[in-house]
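As given in Swiss-Prot:
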type	residues	note
BINDING	Cys65, Cys68, Cys94, Cys97	Zn(2+) binding site
Amino acid sequence: MKLKKKFLEKSKKIAEERIDVLMNLAEKESKAGKIDRSKNYVLLGKKIAMRMRMPYPKEWKRRICKNCGSFLIYGKNARVRTKAKNYPHVVITCLECNSITRIPIKSEKK
């Protein structure tokens, strides 16, 4: 059992590194204007995470459109706004498919 656990930990670490490399490549290609290639890198990263049954890293998860799968670069193909109507939140709008993602802002406790 110990051997299997060590193998799983090692393979998950390798998967995290690969996802990180793929997302960095997706960001680079997105900035260069090659959107199809960046979508491909995002899809590969998601497949690796699903195969290893691990959650997608939060810092990358928020940079991907849930509807069309494109890598979001704020100001280029995504719009970011803060709203405080009912509850304070950040609204990220994908400018390719017009889907909206809302992320709540937690208020500081005094």
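The first residue you see is number 1, and the count goes up from there.
A Cβ is built for glycine as well, from the same backbone N, Cα and C atoms used for every other residue.
Secondary structure at Cys68 (Zn(2+) binding site), as computed by DSSP, is coil. The binding-site residues considered are Cys94, Cys97; of these, Cys97 has the fewest other C-beta atoms within 10 angstroms of its C-beta. For the binding-site residues given as Cys65, Cys68, the lowest number of other CB atoms within 10 Å of the residue's CB is seen at Cys68.
Apart from Cys65, Cys68, Cys94, Cys97, the residues listed for Zn(2+), the same chain places the Cβ atoms of Lys66, Asn67, Gly69, Ser70, Leu72, Glu96, Asn98, Ser99 within 8 Å of the centroid of those Cβ atoms. DSSP assigns Cys97 (Zn(2+) binding site) to coil, not to a helix or a strand.
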